[in-house]
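J.: Here's a structure for you.
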Amino acid sequence: MSFQGEITHLSQKGLGVVQHPENGLSYFVAGTWPGDRGEFEITDRALNNRKYGYARLIRLIQSSRHRKTPECRFLGFSGNDCSGCPWMIADYDSQLEQKKNRFLYAMHRVGFDLADLNIGAVQPSPDLFGYRNRFQVKTDGEKLGFVAEGSHHIVPIEDCLILNPACRQHLQTLRKHLPSREWSPAPGDDWNFIDLDDQSPAEPVLLNWKQPFRQGNDAQNQWMRSWLKYALEQHGHSHKIVELFCGSGNFTEVIAQTGCPEILAYEADPQAITVLRQKNLPGVDARTADLYHPFIWKILKKNVQDAGILVLDPPRSGLKTLRGFFDAFAALETICYISCDPVTFARDAWIFCKNGWKFTDIQLIDLFPHTPHIEITATFHKQWGNTKKGNKR
């Protein structure tokens, strides 16, 4: 069953949204952009309790003025295509505008008045191609590539334009091993994965071994490090700084430059903590901790209750729970928050503000051009005597 319509906006996941002219339901459509007019086929019937469904574009009648031909020949939106860079169909200025819209929508949805938010332009990536310093491919011994969206199908990839030169060379080195019996998956598995970055050798090949987390865009990572350095300089010195989700020390290195005598850095990954400890950063005490443990703030309270500054860079889940957080960090005055998800950032920011905190700086950064991803940096300050009861969840 098909219908015609126009893409009006993008969903929080970066899919085009079109309204059915007859039933009034909204449908999410991959590979479309606001202003596209086309013919769509419903692929997922909306349930009675839902006001949306999924559809696919079967014919483009009129292109959005922002639409362009993607540079990558592997990009597509079927079950046999790579859709890792779904926004490559649009010009870059429009991509940045939509990323900002994603953030503003998330903030508005939790309760923020957008008129009170002073959000500037998104910090663009200096490079639109050749920027990515790490990648993960899947292989079954016959094919090597990325997995098609919503499937268990490996899309063979001969080249990837967003990888930096070293990673592109790694990809070619891996392809020379095909076919490989050693890369065949174990019974019951669909594939093995190979995780590489531009600082690791492509050979010998290590199957199913994950590299420690690393920001994927060096230039934008340097921008964020500079932001953190400036933020820490502006907000005075503290006798103790706590960092949560420190990884292998990307931002810990910046914190150590402040000269703070006591820096507690927490991370769940023991491998990352080992790497951080080997750096021997001055004043840094690196510790493993399950930061998503239901009683984590009670566990950490004794060690963090006198900290004046908190730096955190959580995964997409954000902090998950703030129950007991404000009690544990009783002396905290400044929070420097680096986030990779606007929805969980908005959730956490709303709870901060309802408990007497105020953000004084928010910046949006584009780490991954051609994707819906947006990075957020923000500084929060404690408004002493302005804490509202009943929001400590």
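Yeah, the Cβs are placed from backbone N, Cα and C, and that goes for glycine too.
Since the structure is predicted, the reported quantities are computational estimates derived from the model, not experimental observations.
Swiss-Prot lists these features:
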- CYS340: active site, nucleophile (ACT_SITE)
- CYS72, CYS82, CYS85, CYS160: [4Fe-4S] cluster binding site (BINDING)
- GLN215, PHE245, GLU267, ASP313: S-adenosyl-L-methionine binding site (BINDING)
J.: Could you tell me the C-alpha distance between CYS72 ([4Fe-4S] cluster binding site) and GLN215 (S-adenosyl-L-methionine binding site) in angstrom, no decimals?
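T.: Cα-Cα distance, CYS72 ([4Fe-4S] cluster binding site) to GLN215 (S-adenosyl-L-methionine binding site): 23 Å.
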J.: When you put CYS340 (active site, nucleophile) at the centre and draw a 10 Å sphere around its Cα, which of the binding-site residues CYS82, CYS160, PHE245, GLU267, ASP313 have their Cα inside it?
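T.: Qualifying among CYS82, CYS160, PHE245, GLU267, ASP313: ASP313.
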J.: Compared by Cα position, which of the binding-site residues CYS82, CYS85, CYS160 is the closest one to PHE245 (S-adenosyl-L-methionine binding site)?
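T.: Nearest in space to PHE245 (S-adenosyl-L-methionine binding site), counting only the binding-site residues, is CYS85.
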J.: What's the CA-CA gap between GLN215 (S-adenosyl-L-methionine binding site) and CYS160 ([4Fe-4S] cluster binding site) in angstrom, rounded?
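T.: It is 18 Å, counting Cα to Cα.
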J.: A 10 Å Cβ contact count, applied to the binding-site residues CYS72, CYS160, GLN215, PHE245, GLU267: which residue has the minimum?
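T.: If we count Cβ atoms within 10 Å for the binding-site residues CYS72, CYS160, GLN215, PHE245, GLU267, the smallest count is at CYS72.
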J.: If you draw a 10 Å sphere around the Cβ of CYS340 (active site, nucleophile), how many other Cβ atoms fall inside it, taking every protein chain shown into account?
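T.: So the number of other Cβ atoms within 10 Å of CYS340 (active site, nucleophile) is 19.
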J.: Given a separation of at least six residues and a C-beta threshold under 8 Å, show me what packs close to CYS82 ([4Fe-4S] cluster binding site) in the same chain.
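T.: Set apart from CYS82 ([4Fe-4S] cluster binding site) by at least 6 residues yet with Cβ under 8 Å, we have CYS72, PHE74, LEU75, GLY76, GLY145, PHE146, ALA148, VAL155, ILE157.
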